[in-house]
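A quick write-up on the structure given underneath.
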Amino acid sequence: MTQAHLTVVDHPLVQHKLTLMRDKTTSTAGFRRLLREISLLLAYEVTRELEMTTIRIDTPLCEMEAPTLEGKKLALISILRAGNGLMDGILELIPAARVGFIGLYRDPETLQPVQYYSKVPKELDARMTIVVDPMLATGNSSVAAIDLLKAAGARNLRFLCLLASPEGVERMREAHPDVPIVTAALDERLDEHGYIVPGLGDAGDRMFGTK
């Protein structure tokens with residue numbers, strides 16, 4: 001399903017793996033493996049508009065002009081800590097991508113993001129920049145991360161997540177209407193604690209085995 005600003009990847013493999021990730025009986029090892037696998041599938045959609053060029057190669061039969069990615073034009077930015085799980089799968093496909101990290105945590109009282117770390121690649125103005133975080137809940141952390149990246153020069157941005165809430169999508173649309181969102185599912189709502197419902201719990205805790 002594709003709407004303005006939002007693409008929900010409803011491929012059967014994506015939805016099957018997401019169901020396994022939602023199941024509370026899935027182990028930490030299983031959750032981690034599924035996150036890597038689903039990130040490989042989501043990478044296909046979020047990188048759809050990567051810039052291409054052509055090079056001349058020799059096949060076993062003849063010379064030809066063949067399409068290839070244009071240089072090192074991709075930057076991946078993980079919102080720590082759970083974003084790392086989504087990033088790993090994309091790096092398997094595009095190992096030359098530049099990588100950055102933004103550390104944000106959500107204040108449990110205000111639900112507002114608090115930044116504690118930032119290290120991003122140079123020349124973001126020349127790269128497609130994909131921000132990865134499994135959950136787009138309130139949208140506050142995502143908006144803060146994109147604010148930081150735009151201040152650092154990023155202009156061609158995408159946001160990739162596993163689950164999104166209607167509230168988070170609307171928050172992103174209001175703050176950054178130029179940033180497309182790619183997700184595996186648009187869930188029903190947020191609860192009173194700012195968690196996505198039905199959701200899958202805390203993605204970071206389930207990936208790292210912490211509480």
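Just so it is clear, glycine is given a Cβ too, placed from its N, Cα and C backbone atoms.
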Same-site residue for 5-phospho-alpha-D-ribose 1-diphosphate (record: Swiss-Prot; known: ARG81, ARG106, ASP133, PRO134, MET135, LEU136, ALA137, THR138, GLY139, ASN140, SER141; options: ASP10, ASP202):
ASP202
Pick out which of the binding-site residues ASP133, ASP202 has the most other Cβ atoms within 10 Å of its own Cβ.
ASP133
